[in-house]
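Undergrad: Here it is, the structure, as C-alpha cells.
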Amino acid sequence: MFLLLSNDDGYASAGMRALVEVMEGAVERLIVMAPESNCSGVSHALTLTRPLTVQTHGNAIYSVNGTPADCVRVAVGGYFDEVPDMVISGINCGANLGDDVLYSGTVAAAFEGRYLKFPALAISNVAHRPKHLADTAQIVLDLFSFFKKNPLTGATLLNINIPDLPRAEIRGIRVTRLGQCRQERPLEKMINPRQEECYWIGANKGGFLADEGSDFAAIEQGFVSITPLQFDVTHDDQLEAVKHWLEPMR
C-alpha cells in the first residue's frame, strides 16, 4: 500500500513527525509531501500565479513552497511514479471542528485527495500545544489498521479530531456532525517598528455550541470525533424559497 501524508503545519512539524513514526511500518510505501512552512488557515487555496518547487529532506520526505492543496495536487499529479492508495493529512496541532473546517488547510489537503478520487483522512489533536501526540498517533494507527482491513471507498473523507489525552483515557469513538462556532474574531490593531498600522485577526473567542451529536460535544465528553464530509454545500432547504423569491424577476 502507498500512503501519502500531508498537513498544513509544515513538513517538519511535531505532528507530522509523530505520524511518520507510527506509520512507517504499517505500509509498503510512505511518502510525506507537505508545505515548507506553516500554512494554517489557508483553506483550499491553490497556487496559480507562480511555479511550485519541491525540496527533498532525507528519505521520502518532500516539501513544497505552496499550500496544503498544492502539495497533494503535486504528489498525485505525476511527481511520483505511482499514485497513493490513501491520503492522510495531519496530525494538526489544534482542533478542526464545526464550521472552522472551512478555514482549515489540514482538512483542505484531505479534501484535495478526495477530490482526486482517493479516500482521505484529516487528523487533528485538539490542543495547540499537545502533550499526548504519541498517543494521538497510536490512535491514528489503530484507525488506519481498521480501515486497511475494511477499505474505504474513493468517495470517503473523514474529519477526525482526537482529545489531547492519554490513550487509556479516551472514552471511545463517536460519529458526529459538524457543530457550530460562535464567531467572534477580534481585529487587533498594532503599530509596527516602521510606525505603520497593522492588524492581527484574533483567535475565535466566541466558543461553540456543544449540541448532542456534534463534534464539539464528542470532544468535550472525551471521545474521538469522526465526521464524514462532502463537497456539496448547497442549502437544499432554501432552493424552493429562492425560486419563489425570484419569480418576479422572470
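Every residue gets a Cβ built from N, Cα and C, even glycine.
Note that the structure is a prediction, hence the values are computed from the model and not measured.
Quick paste of what Swiss-Prot says about this protein:
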BINDING   Asp8, Asp9, Ser40, Asn92  divalent metal cation binding site
Undergrad: Specify the count of other C-beta atoms within 10 Å of the C-beta of Asp9 (divalent metal cation binding site).
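TA: Its Cβ shell of radius 10 Å holds 23 other Cβ atoms.
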Undergrad: With an 8 Å cut-off on Cβ distance to the Asp8, Asp9, Ser40, Asn92 Cβ center, who else from the chain surrounds the divalent metal cation site?
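TA: So the additional residues around the site are Asn7, Gly10, Ser13, Gly15, Asn38, Cys39, Pro68, Cys93, Gly94, Ser104, Gly105, Thr106.
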Undergrad: Indicate whether Ser40 (divalent metal cation binding site) is helix, strand or coil by DSSP.
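TA: DSSP call for Ser40 (divalent metal cation binding site): coil, neither helix nor strand.
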Undergrad: Say we define neighbours as other CB atoms within 10 Å of the CB. Which of the binding-site residues Ser40, Asn92 has the fewest?
TA: Ser40
Undergrad: Only counting partners 6 or more residues apart, tell me which same-chain residues put their Cβ under 8 Å from the Cβ of Asp8 (divalent metal cation binding site).
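TA: Counting only residues 6 or more apart in sequence, the Cβ neighbours of Asp8 (divalent metal cation binding site) under 8 Å are Pro35, Asn38, Cys39, Ser40, Gly41, Val42, Thr67, Pro68, Ser89, Asn92, Ser104, Gly105, Thr106, Ala108, Ala109.
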